[in-house]
Amino acid sequence: MNLLNLFNPLQTAGMEEEFDAIKIGIASPETIRSWSYGEVKKPETINYRTFKPERDGLFCAKIFGPVKDYECLCGKYKRLKFKGVTCEKCGVEVTLSKVRRERMGHIELAAPVAHIWFLKSLPSRLGMVLNMTLRDIERVLYFEAFVVTDPGMTPLQRRQLLTEDDYYNKLDEYGDDFDAKMGAEGIRELLRTLDVAGEIEILRQELESTGSDTKIKKIAKRLKVLEAFHRSGMKLEWMIMDVLPVLPPDLRPLVPLDGGRFATSDLNDLYRRVINRNNRLKRLLELHAPDIIVRNEKRMLQEAVDSLLDNGRRGKAMTGANKRPLKSLADMIKGKGGRFRQNLLGKRVDYSGRSVITVGPYLRLHQCGLPKKMALELFKPFIFHKLEKQGLASTVKAAKKLVEQEVPEVWDILEEVIREHPIMLNRAPTLHRLGIQAFEPILIEGKAIQLHPLVCAAFNADFDGDQMAVHVPLSLEAQMEARTLMLASNNVLSPANGEPIIVPSQDIVLGLYYMTRDRINAKGEGSLFADVKEVHRAYHTKQVELGTKITVRLREWVKNEAGEFEPVVNRYETTVGRALLSEILPKGLPFEYVNKALKKKEISKLINASFRLCGLRDTVIFADHLMYTGFGFAAKGGISIAVDDMEIPKEKAALLAEANAEVKEIEDQYRQGLVTNGERYNKVVDIWGRAGDKIAKAMMDNLSKQKVIDRDGNEVDQESFNSIYMMADSGARGSAAQIKQLSGMRGLMAKPDGSIIETPITSNFREGLTVLQYFIATHGARKGLADTALKTANSGYLTRRLVDVTQDLVVVEDDCGTSDGFVMKAVVQGGDVIEALRDRILGRVTASDVVDPSSGETLVEAGTLLTEKLVDMIDQSGVDEVKVRTPITCKTRHGLCAHCYGRDLARGKLVNAGEAVGVIAAQSIGEPGTQLTMRTFHIGGAASRAAAASQVEAKSNGTARFSSQMRYVANNKGELVVIGRSCEVVIHDDIGRERERHKVPYGAILLVQDGMAIKAGQTLATWDPHTRPMITEHAGMVKFENMEEGVTVAKQTDDVTGLSTLVVIDGKRRSSSASKLLRPTVKLLDENGVEICIPGTSTPVSMAFPVGAVITVREGQEIGKGDVLARIPQASSKTRDITGGLPRVAELFEARVPKDAGMLAEITGTVSFGKETKGKQRLIITDVDGVAYETLISKEKQILVHDGQVVNRGETIVDGAVDPHDILRLQGIEALARYIVQEVQEVYRLQGVKISDKHIEVIIRQMLRRVNIADAGETGFITGEQVERGDVMAANEKALEEGKEPARYENILLGITKASLSTDSFISAASFQETTRVLTEAAIMGKQDELRGLKENVIVGRLIPAGTGLTYHRSRHQQWQGVEQETAETQVTDE
């Protein structure tokens, strides 16, 4: 198997080989011989005395070419003038020695050998074609059995296996009427005599006639392989090799080490084994050796060739002298160190260097400091050129000398060369495109690169010893691209969310915050100033302080009708610091943006506003000035930390005493048996959690205020100037949670498994921890450190998979013209609007007109890009939902269109053609991956578990509405008890817009009615957070069934209290098999002792107790509707094992089926229950036409529907995690997209990471890019095969044009790994994972790679079809088409 020779430099010397696609196939023996320059007959490599290659050996100069340039081996012909002569003495052609890198040899095998990839790469292709099992084929190949190749007139079957004894018996019986062979010859004979076309016909007929699914799948697979062979014109017997190609010797070198030893490539060993065994076999055949010996030798030859191709795939791996498995040809290309990932995708480049980075606070945003020494080395060729040009040096050698001596002129020339020549800085790991940015170098002394502080966030760099790499763009085009696209000052916005990434942090924030804070009664309060200059003078002469409140006249610039700036003078009440800051504001940015204490969030908003109002250039200048100012005032402010800044609240002792008393009370209740151990633990944890919060609140209240005397002599509170508080409040460093640990109490700690230790750490760091407290704390903290190490690798792998699945998605056209899209609403969770509608639709293109709900007039027409102005207008008009275009519904075939994608987040305008939106999406999702948690539950070292919620309150005034799934009954006390599983109370405002949505659990008590007007803060429902009740919907007298103590229920007596309760035992733990199936249930009787039935049916009421339930009713007890039958204790304070963080994101993108998946209704209809089987319940849904759909559900699962309930298709009927494949099948693409986007966003939102929905949608598009053919119609597809969506669309269009029947297909969801591997490009798939399998499959299919994606083009070394490369590829394409048309025309004229 060989990638067909792309580059043969000898044939195409001086001419660039142009190609548009790469085809892979199986090489025929003739092809292999045609590549070869001669047969390798001997296993020898080089002569040990002369070090010259042996003739006919593995390094033979006659076959592979001369060892030295233009010199034959015996030395008869030397020098260029004999070029092309073949020496008659040694037979070597006189030419360049580098031909030894490309000339191949071959080995003529004495017996055919099966190619291991087609045999052992699962599913076995040989097995598939021959319809034999792998085990059978192996028995034949490795000489354990005969296979009948031609049964002749005997009753034997073709492909039947015979043992040796059988074979000889049959020979006696039938003579030579039949043919049976052993080894690869037998298999080759079978392959050769297989009639491919006939077999395809038979299979197609079978496919139509068969009914079983498994059979259809099996036939379809086999059909696909045979059709591929038929189509590509490759012969089946080529999978068995007669000739083995030999790799050119310089690709498997033999290097002499000192001391007369040699370092050699493992391939030489493997080849030698093959040649040795092959030669031995030839000799044995000539001698007519006994069969058994020949057979053994053939088997050994087969094994040697197996090892050469893929060592270790079958049997034990061949090892070298040092017991290490030898590296075979397959190992050369696969894995991280293989050809693809190491050499083709991970090339190293010249003109680069690396050094440690330090701060460059005086730099401008587009500059970086480059050490002179580095610059001299990096720009050497440029300097040589200039030195020669100026006549300072006559030759390169002389120039080199001057540079080495570092004469003064060299430095002047270096300055010239470097002027306006951008360089690129990169910090590993490069997680997103901002990890490489271009800067203009400024020469500096010293040896460290100086980096602008504001770009640190993008590089994720700090100055604790980080290193960065420098690269020099050489060509003019490269320099231009670096300057226009990559210059740091052109990358102000983050491509992940469109917000500024050039945002001041730490010292700068602290300085700006300190500068813009106001003080009460500072020196000179209430002064009036005519302009800022006057403020400056007053400040410098110490007449006023930085925080003094003053009134000042400020000149602002406002745009007039013509769009030009005009000065407007306003009076402002402000502070000295803010007035000084107003000087650096760009034109057009109103003063009110800085007329407040600037915290980190405010500064971010300020820069964002500046970008939107004043444009890129002014923003960059403004950011730089902010930085200089911030650093200046941070230095002048002299803010530092002292132990006294950590003020411990006076109330702490009292609060601790109170909590201890409560805990003691709970312990007492537990001793008296009023609460279980689990409840006691939960309550204790809750008490300590609350105590910690109270202390933290007291501490923050104490820290954040300080008493001062105002101008009138009264004592007033003002915001504190405590250093620690200022650092946290400004967002420069630290958070309330950390201050709480410094001067409040450390609080509850978690064990590594996530459970909370019930004794909290009551001290803080200022008081110091006792040994025990310290020990408790270390437990969780170490887990955190171990986690971080794992997290990085996992996050990197997720990014790699994401990039791989989206790498070929590029914007290729402006508008695909579709009117499809998704409807966007605000995301409401609990009482909060988590993401407003305006944020979700900003930068999208509308798919249909947006209409004002009150007046009915069109606000925005379809096909409009929604800018900030438009979304604000939509927001004010009270529109609830907007239909926008999305990448998922884009109709463009290979790529996306600009309108479906919308705004390029990093540039703030509609995306350009050629933007690699796929990779950007992958990076935006992958880059914050390291910030996500690895744990399943998110608890830091300090347990940040909110006390369990036990009620919901309204956050705003409005009307309460119950959701459609709401079900409740009224109990004897008149309370409304919820008995539905997915119930929600929704609150609408006066216009009827949804403002809040609250989930209400099963068993909650509702305190409001449907349609009732409510006030903010009103409680809507309450419930017990620690147990889950089991509630009856019917009244009657209790009658138990299967309630046998010790069999189905156990009496649990608490050791401490001596009280006993009945608890249901898990069926799996029961002793006898009969009792495993018994379920304790409760029936209800009326006053006459007759079983009560479900109203409207004849089915008696029967409720089964789930495992672990604590039963709270007695036999014969009268109960009413809504009463509790049993309580199921919730797992103790481990928050329910929710997969969170990184694993959750990976799970969603891999589209994994969850373990205990819930079930969705397959059809719309009415629910009823059928006859139960052992351990399963039968649920039936009958639709309107009376068609019933049955499903069996395990009794352990919770069914969320009841008899007679009407369910809609796609509604949840069994509790559990949702399976995304079900959502796609039953609810469609939009519902699926909404589910994945929301779930992924939830994980990131928890960590405070903002990512645009767009990026997730781009990935979903790639997960949905293949479809399953349900009915092939007349399109030539096979029913049941998976194909690219674009291919089906194209085939269907063609079929409809020709009046044929189009194919029907269903959408399928592929996980990202699967989707990457199933891409059309085999080069991209092979370089991702499972290289062997991908290449084997591609070779059999005779696949052609059209080189559409980015990865394939990088691998073959062309410009990528994205960005500036897209235009290059397009123009080349047009040229080709022009050439083709011309040739066609000339042919016509010739004829």
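A Cβ is built for glycine as well, from the same backbone N, Cα and C atoms used for every other residue.
From a predicted model like this one, the values you see are computed outputs, not experimental measurements.
Listed in Swiss-Prot:
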| type | residues | note |
| --- | --- | --- |
| BINDING | Cys72, Cys74, Cys87, Cys90 | Zn(2+) 1 binding site |
| BINDING | Asp462, Asp464, Asp466 | Mg(2+) binding site |
| BINDING | Cys816, Cys890, Cys897, Cys900 | Zn(2+) 2 binding site |
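Comparing Cα positions, Cys890 (Zn(2+) 2 binding site) lies closest to Asp462 out of the binding-site residues Cys74, Cys90, Asp462, Asp464. Nearest neighbour of Cys900 (Zn(2+) 2 binding site) by Cα distance, taken over the binding-site residues Cys74, Cys90, Asp462, Asp464: Asp462. For Asp462 (Mg(2+) binding site), applying a Cβ distance below 8 Å and a minimum sequence separation of six or more within one chain yields Cys456. According to its DSSP assignment, Cys897 (Zn(2+) 2 binding site) is in a strand. Of all the binding-site residues listed here (Asp464, Asp466), it is Asp464 whose C-beta has the fewest other C-beta atoms within 10 angstroms. Other than Cys816, Cys890, Cys897, Cys900, the residues of this chain whose Cβ falls within 8 Å of the Cβ centroid of the Zn(2+) 2 site are, in sequence order, Glu813, Asp815, Thr818, Arg885, Pro887, Thr889, Lys891, Thr892, Leu896, Ala898, His899, Tyr901.
Note on proximity: among Asp466, Cys816, Cys897, the binding-site residues of the record, the Cα nearest Cys87 (Zn(2+) 1 binding site) is that of Asp466. Spatially, by CA atoms, the binding-site residues Cys72, Cys74, Cys90, Cys816, Cys897 include one closest to Asp464 (Mg(2+) binding site), and that is Cys897. Between the alpha carbons (Cα) of Cys816 (Zn(2+) 2 binding site) and Cys74 (Zn(2+) 1 binding site) lies a span of roughly 68 Å.
Cys897 (Zn(2+) 2 binding site) is 63 Å away from Cys90 (Zn(2+) 1 binding site) when you measure Cα to Cα. Here the binding-site residues are Cys72, Cys90, Cys890, Cys897, Cys900, and the one with the most other Cβ atoms within 10 Å of its Cβ is Cys900. Ranking the binding-site residues Cys72, Cys74, Asp466 by Cα distance from Cys897 (Zn(2+) 2 binding site) puts Asp466 first. Geometry remark: Cys72 (Zn(2+) 1 binding site) versus Asp466 (Mg(2+) binding site), CA distance 53 Å. Of the chain residues outside the Mg(2+) site list Asp462, Asp464, Asp466, Ile357, Ala461, Phe463, Gly465 have their Cβ within 8 Å of the site's Cβ mean position. Each residue contributes its Cα atom, and for Cys74 (Zn(2+) 1 binding site) and Asp466 (Mg(2+) binding site) these two points are 56 Å apart.
Note on the binding-site residues Cys74, Cys87: the fewest other CB atoms within 10 A surround the CB of Cys74.
For Cys816 (Zn(2+) 2 binding site), other Cβ atoms within 10 Å of its Cβ number 19. Other residues of the chain with a Cβ within 8 Å of the Cβ centroid of Cys72, Cys74, Cys87, Cys90, the Zn(2+) 1 site, are Ala61, Leu73, Gly75, Lys76, Tyr77, Lys89, Gly91, Val92.
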